[in-house]
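I have placed the structure first, in the form of structure tokens, so that the comments after it can refer back to it.
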Amino acid sequence: MHTFLGSRLPLIQGPSFVYLAPVLVIINANEFQSVTSDRFKHTMRELQGAVIVSSAFQVVLGYSGLMSLILRFINPVVVTPTVAAVGLAFFTYGFPVVGACVEIGIPQILVVVFLALHLRKISFFGQRIFQIYAVPLGTAIVWAYAFLLTEAGVYNHKGCNVHVPTSNIISDECRKHIFTMMHCRTDVSLAMKTAAWFRVPYPFQWGIPNFHWKTACLMTLASLVAAIDSVGTYHASSLLVAARTPTPGIVSRAIGLEGLTSALAGIWGTGTGATTLTENVHTLAVTKMGSRRAVEFGACVLILMAFVGKIGAFIASMPQVIAAGLLCITWTMLTALGLSNLRYSKTGSSRNVIIVGVSLFLSLSIPVYFQQYASNSKPPSVPSYFQPYTIVVHGPIKTGVAGVDFFLNAALSSNMVIAFLVAFVLDNTVPGSKQERGTYAWSKRTAAMQEPAVVKDYSLPPALAKLLVWARWVGL
């Protein structure tokens, strides 16, 4: 849809880490943790409602043309710390989980890094296979290694069973080893045994969504950050595949389309919104593949794979330590891609360095302040590395209105929200020239209309453009 109705750039959309923080906040809220029957479905309905409302906000923001006006306030100095903070937000999850099984987790990180960096120049049939497929190749190698360790009995302990609830384990010897077994063994998950071969997802499969303003506002704030993230992706990717950057109207149209796709995600019950993935920039730079048809073909393949339940079950059965090792790489890449936006501004400017530095530091430090108010009795189902997302009802802000307290404590304990707010305020109040700030150079509509190549790349199909009365504000 994005390649046809959105920006028309060869970009992939999918679930973003931007939505992960508010999702964790909602899941770990006391009112949902205390649900005893069908808690999963109840929580999913709450997430569905929040995603649908936030997607409506993006639709209005994009198709009204408001985003094209907001663009003048969004510069690389704002985008850089915002995207980088998304990658840094979950640093407490990475190595603490890898450390639970270092004989698997550390090789996972080292193998991916070795393939991506040390073997990046090796080509097969003209393609740098190791650079492009470092993550899946590294995962396959280490997963096979972990399987051999499991089958060899390295993680076997007499009388211990990973499928027995921890609360039912009596043996002290089992309690001592169960944590390592849960993270290292490749046969912990029962997903492959229980998943159906074929399953067709359908709208509202978890029931009618629940709509509450406090969770909707929190998810809407995340959708705004996702839109800011996408702005940087559009600009960087357009320079890689096209001679001209899109016009502000095209960017606005693309954000509106992201809202529509997020609405579909909410209706189908994915639990998160959809956005243009920042990783697109790295993929385009490495593969040199700027074809819309290639993206559309890949999307069709993924849609067909989604109907095969065993495929998703196989991925879900990945050992936790391997997943944590992968996230150490992917979140690092996301942080690096965020910081790379700074190259469009004067990186040596003390103004920009201070703004980015202050934004990133406060985005890590302020949430720690909020974590001090966490309840001592956290739900046992929440691992320690997700503890920051269980404190929203115990935060320092007490207005007397529970919903307001929930929203403010959750928003201000979010790394990406703090990074965006600090960078946005400082960049738009501290004096600086356009060259110093690195203001994104979007194409002018009048000039773009006179270039046939630009019109061909970015304009909507004529029949569709005639149906859209607002095409002038959300197109060329």
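Quick reminder: no glycine exception, Cβ is built from N, Cα and C everywhere.
Here TrEMBL flags 12-29 (among others) as transmembrane segment.
Taken from TrEMBL, the feature transmembrane segment covers 50-74 (among others).
Under the heading transmembrane segment, TrEMBL lists 94-117 (among others). Packing against the transmembrane segment (94-117) from elsewhere in the chain are residues 130-131, 134-135, 137-139, 141-142, 145-146, 149, 179-180, 183-184, 319-329, 331, 384-385: each is 6 or more residues past its ends and has a CB under 8 Å from a CB in it.
Below 8 angstroms of C-beta separation, residues 104, 107-108, 111-112, 115-116, 119-123, 184, 186, 286-287, 318-319, 321-322, 325-326, 329-330 of the same chain, each at least six residues beyond the ends of the transmembrane segment (129-148), sit close to that stretch. Among the features that TrEMBL reports, transmembrane segment is placed at 129-148 (among others).
What TrEMBL lists as transmembrane segment is 294-315 (among others).
Sequence annotations record features per position, and here TrEMBL assigns transmembrane segment to 321-340 (among others). Tertiary proximity for the transmembrane segment (321-340) is limited to same-chain residues at least six positions away from its ends with a CB under 8 Å from its CB atoms, namely 17, 79-88, 90-91, 93-95, 97-98, 100-101, 104-106, 108-109, 112-113, 116, 135, 139, 142-143, 146, 183-184, 232, 236, 278-279, 281-282.
According to TrEMBL, the transmembrane segment annotation covers 352-370 (among others).
Annotation comment: TrEMBL describes 406-426 (among others) as transmembrane segment.
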